[in-house]
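To start, the structure under review is shown below, and the notes come after it.
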């Protein structure tokens with residue numbers, strides 16, 4: 001086609017229009033980019049632009065020196081990040097003649113100022129704001145000062161934990177230094193989640209070592225989610241779930257989403273259609289197959305597994321009513337992976353340790369799957385061999401996998417067992433037991449204070465004979481003594497076991513101090529207390545110890561108070577007697593009922609028989625109290641004076657035998673010989689050490705939750 005001037009002119013017009021459009025777009029993008037650049041205002045413009053409640057970061061300068069140029073570049077780079085949190089960034093150009101607070105002093109020009117409205121919140125040296133991470137981290141840290149608590153000691157951390165127990169959860173973060181990318185990530189997470197959880201920050205490496213989390217790597221940042229909302233008792237520690245990924249904002253968000261998900265999800269639909277937050281975040285979902293007959297036991301098993309896998313996998317309780325019958329006969333656990341198109345795997349596992357290993361070790365999962373396939377092949381071969389002439393054998397072989405109508409099977413208890421035996425001439429009874437579970441839960445509560453272990457089967461029987469106690473029972477070996485004490489368990493719930501252990505660990509004849517008094521008051525028993533100005537005499541201590549030991553389940557606490565060690569006792573005596581009496585003095589006081597105070601007759605010697613005789617007179621109402629305490633609560637005048645509450649966090653959870661425990665336990669039950677005693681003690685210490693090194697608690701037997709939860713070696717489905 002011939003090219004004419006008109007054609008060239010048209011092409012030029014189109015080219016010019018296209019170039020103009022591109023130039024316009026480039027200019028528009030440049031203008032949009034400049035909109036996020038550092039604002040520059042004079043002092044009057046800046047202070048008049050401040051809005052109430054709105055935060056702004058300002059840098060005042062006459063002429064920017066070359067040394068401040070890198071700082072300004074980083075401030076400019078942080079404008080967009082800070083704007084996401086509603087914080088404006090301004091460079092204030094000071095006139096030469098301005099001698100005001102922010103423009104007049106040379107050292108003031110080396111600082112950046114954070115305002116909320118027209119109120120100055122914080123001054124930052126410019127060398128502390130060395131990059132975008134340090135700027136965002138330090139600015140948010142200053143603005144969230146009341147929301148993010150900074151702690152330096154273990155006592156500070158425990159104080160915050162105690163204040164949150166039963167109310168809210170805590171996010172505890174350690175960063176080696178402030179102003180880092182990890183510090184910024186924690187502050188950004190606190191800005192988003194600060195109303196849902198209490199955030200706590202530390203840079204103290206010593207504190208991380210004191211928290212008891214093994215040997216932490218203090219060179220890297222760490223984050224823990226502390227489940228304080230579920231700790232209803234001040235003595236119960238908050239469970240901590242560490243975040244195992246790198247400390248970034250995205251990983252923190254992921255971790256908090258997982259911690260906020262239900263511990264156990266109950267499922268009554270096709271498991272293939274189930275979707276939970278764990279699957280959405282790329283984690284597997286473990287199903288514990290359940291049935292209504294064993295629901296409570298299955299629920300406890302699922303919760304135990306869920307705590308072990310928290311942050312690594314989800315756990316669901318799957319009703320067997322919605323699962324295919326062929327699956328029911330062979331499986332008690334199912335695993336669903338987040339991969340699309342991968343079917344759910346149904347497995348037969350023996351205990352919860354295998355479930356946990358299944359999630360943590362993929363190669364173990366493949367091995368278990370191979371074992372299941374081989375076992376199925378063996379059973380198919382055996383099916384053909386089992387069909388013999390014997391009709392009974394044939395029937396057993398044919399029906400051994402048939403599902404039993406468990407709703408028609410009577411669940412026997414200690415109360416109904418004997419009466420049920422009388423109702424039928426013949427009865428088949430399946431005995432099964434789950435491990436010991438309440439004891440494991442008690443062990444979790446007492447973790448860090450008491451070392452617990454479990455004996456089973458032959459070991460349990462041998463020890464029960466040796467220490468003359470019938471199972472279930474506790475064997476208590478105190479750390480300072482060589483004796484082992486057998487204690488029967490009349491109640492077997494976790495709280496009952498915890499309460500019993502705490503009681504047994506209290507001193508037989510304790511010296512009362514400010515620190516341990518709350519533990520003895522929690523028993524809500526009267527106190528038979530001897531006040532002395534120094535150590536008690538040998539004769540008095542011997543008689544008081546006999547009295548304390550004479551009644552294992554006595555209704556009062558026998559104790560003493562050394563005024564030299566605990567001077568606050570003088571104030572107590574003045575409250576009882578108006579003036580301090582001659583010492584030593586033996587007093588009976590019941591703080592929980594009536595508040596009456598009685599004084600042991602000073603003309604009588606302190607012997608077990610005299611004290612018991614005097615107590616009988618008190619019981620019969622033949623003695624007159626020396627005073628009666630007010631029924632009003634003994635509260636501090638102001639919350640700041642509540643020293644007992646402050647001390648509670650530093651006091652050990654239990655008061656161990658400290659005063660007369662050695663003399664006491666020499667007279668308690670001991671092994672048959674010194675050689676045998678040493679052997680038992682060494683075995684216990686070695687077992688405790690091995691258990692501690694493994695960092696494990698005894699696994700839970702999945703076969704114990706229901707007769708149909710079969711193991712590989714022993715199957716109960718043939719019943």
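Glycine is treated like the rest: Cβ placed from N, Cα and C.
Since we're looking at a predicted model, the values are computed, not measured.
Per TrEMBL, domain 'TXNDC16 N-terminal' is recorded for 37-140.
Taken from TrEMBL, the feature domain 'TXNDC16 second thioredoxin-like' covers 141-262. Residues belonging to the domain 'TXNDC16 second thioredoxin-like' (141-262) score a mean pLDDT of 90 in the model.
Marked as domain 'TXNDC16 third thioredoxin-like' by TrEMBL: 263-354.
Under the heading region 'Disordered', TrEMBL lists 366-392 (among others).
The compositional bias 'Acidic residues' annotation in TrEMBL covers 368-392.
Here TrEMBL flags 662-719 (among others) as region 'Disordered'.
TrEMBL lists 674-694 (among others) with the feature compositional bias 'Basic and acidic residues'.
Annotated compositional bias 'Basic and acidic residues' per TrEMBL: 710-719 (among others), in sequence order.
Sorting each residue of the domain 'TXNDC16 third thioredoxin-like' (263-354) by its DSSP state yields 34 helix, 23 strand, 35 coil. Taken residue by residue, the domain 'TXNDC16 second thioredoxin-like' (141-262) breaks down under DSSP into 45 helix, 23 strand, 54 coil.
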